[in-house]
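Novice: Take a look at this one; I'll ask things after.
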Amino acid sequence: MTVTKTAAYETLTESSAAALAVRLGLFPSKSTLTCQEIGDGNLNLVFRVYDKEQQKGLIIKQAVPYAKVVGESWPLSLDRARIESSALIRQAEHVPHLVPKVYYSDTELAVTVLEDLSHLKIARKGLIDGKDYPHLSEDIGEFLGKTHFYSSEYALDPTVKERLVKQFTNPDLCDITESLVFTDPFFDHETNDFEEELRNEAEDIWRNEALKIEAAKLKQRFLSAEETLIHGDLHTGSIFAGEEAETKVIDPEFAFFGPIGFDIGQFIANLLLNALSREENRRAPLYRHVETVWNTFSRTFSEAWKNDALDACKNEKGRLESVLKQTFEDAAGFAGCEIIRRAIGLAHVADLDTIVPFSRRISQKKLALKIGAAFIEKRSGFRTPKDMIEAFRNALKE
Ligand code: SR1
Ligand code: MG
């Protein structure tokens, strides 16, 4: 559903965002508030409203009717604000400790008012600064195992699932992923953005018909496997992490019913992109995260399956194993597409873009392209996260 702006829609400013918070009764009218636009993502405005006296803050997130990173030439449905608040509320039913609280949402203004998580740091930034976040992958594994099982066809009555599939139909944002993750980087497309020093490697990808066909198959899985409500954009920039064991998954505006392996693949890809930015002797925590996220996901998903699956074959030997096997294969392939697009596509990651000197940045991006292709091509042979790590390390050696 494309939702364009109505007469009630107006883009918030720092002062109108603060006024909205007061109007909603979230702060007393006499409060002295500060408000700052802090959004550094690709799509939305994000305001932090803070009352110094009460030492209380909150976040007002507003969708704008275009992709902020590109500008008004790329119109985008405001419906993503409804999708995001509905997904957060649904996720909170199963993992309330791993998502921000939603205080208010307004579909016409495309606004969601959220818990202020300013005491935490975006995981991507922390990882780039050398933090290891020992609890990160266990928390994300639990988030994925629970949210993915309890919104899946294995746990839901078919009519409920059908209703949810409709509620979370998200064509504009799925279209972004179809183009920017699965299509454009595999062709000489105008959205691609890379250093001239990567041209030969990019052209190798565009000429590699077998690889392009595998990417097309993965796109088809993304589009047609309505398995569960996925987050849809689970890179390390969509996660807040703390020094203590505290993790919050934010920004599920790309949520829709898609393949279970997609979020796992994107998370693993972004861990490995960070690993590429580090020297080998600092990569072990990232390798551990890759293993832990899969192991925790599959343990949590399996426990939920044992307790609550409605599947007629739930106890037949091999049934759950086949679901997990397909999920792992998909995750590896999706990870490969994500790694490639972050090196030559439109939306980069700071992990690679801040590597110095420039010559190392280029060599690590070339490795990213090799690793991404290996993950896509070899995904059906991967059985465990160790196979992924081995493929990653082999590419570094060759
Ligand atoms: C036009 S949006 C570019 C990227 O930002 C989002 O976070 C998604 O990853 C999307 O692909
Ligand atoms: Mg985002």
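For all residues, glycine too, the Cβ spot is worked out from N, Cα and C.
What TrEMBL says about a protein is an automatic prediction, not a curated fact.
According to TrEMBL, the feature domain 'Aminoglycoside phosphotransferase' maps to 35-269. Annotated ATP binding site per TrEMBL: Asn44, Lys61, Glu115, Asp116, Leu117, Asp251, Pro252, Glu253, in sequence order. The substrate binding site annotation in TrEMBL covers Asp233, Arg341.
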Novice: For the binding-site residues listed here, Glu115, Asp116, Asp233, Asp251, Glu253, which shows the highest count of neighbouring CB atoms within 10 A?
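Specialist: Answer returned by the neighbour count: Glu253.
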Novice: Around the Cβ of Leu117 (ATP binding site), how many other Cβ atoms lie within 10 Å? Please give the count over every shown protein chain.
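Specialist: If we count other Cβ atoms within 10 Å of Leu117 (ATP binding site), we arrive at 19.
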Novice: If you measure every Cα to Cα pair among Asn44, Lys61, Glu115, Asp116, Leu117, Asp251, Pro252, Glu253, the residues listed for ATP, what is the largest value in Å?
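Specialist: In whole numbers, the farthest two Cα atoms are 18 Å apart.
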Novice: About how far apart, in whole Å, are the alpha carbons (Cα) of Pro252 (ATP binding site) and Asp233 (substrate binding site)?
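Specialist: About 7 Å separates the two Cα atoms.
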Novice: Want to know which binding-site residues, from Lys61, Glu115, Asp116, Leu117, Asp251, Glu253, are within 10 Å of Asp233 (substrate binding site) at Cα; which are they?
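Specialist: Passing the 10 Å Cα cut: Asp251, Glu253.
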Novice: Of the binding-site residues Lys61, Asp116, Asp251, which ones put their CB under 6 Å from ligand 2?
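Specialist: Among Lys61, Asp116, Asp251, near ligand 2: Asp251.
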Novice: Those binding-site residues, Asp233, Glu253, Arg341: which ones have a Cβ sitting under 6 Å from ligand 1?
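Specialist: Those binding-site residues that pass the cut-off, since their Cβ is under 6 Å from ligand 1, are Asp233.
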Novice: What is the number of other Cβ atoms found within 10 Å of the Cβ of Lys61 (ATP binding site)?
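Specialist: The answer is 26 other Cβ atoms.
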Novice: At the Cα level, what's the spacing in Å between Glu253 (ATP binding site) and Arg341 (substrate binding site), rounded?
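Specialist: So the alpha carbons of Glu253 (ATP binding site) and Arg341 (substrate binding site) sit roughly 20 Å from each other.
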Novice: Ten-angstrom check, please: count other Cβ atoms within 10 Å of the Cβ of Asn44 (ATP binding site), all chains counted.
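Specialist: Its Cβ shell of radius 10 Å holds 21 other Cβ atoms.
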Novice: Including all protein chains displayed, how many Cβ atoms other than that of Arg341 (substrate binding site) lie within 10 Å of its Cβ?
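Specialist: That number is 28.
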Novice: Given the model, what does the mean pLDDT over the domain 'Aminoglycoside phosphotransferase' (35-269) come out as?
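Specialist: That region's mean pLDDT is 97.
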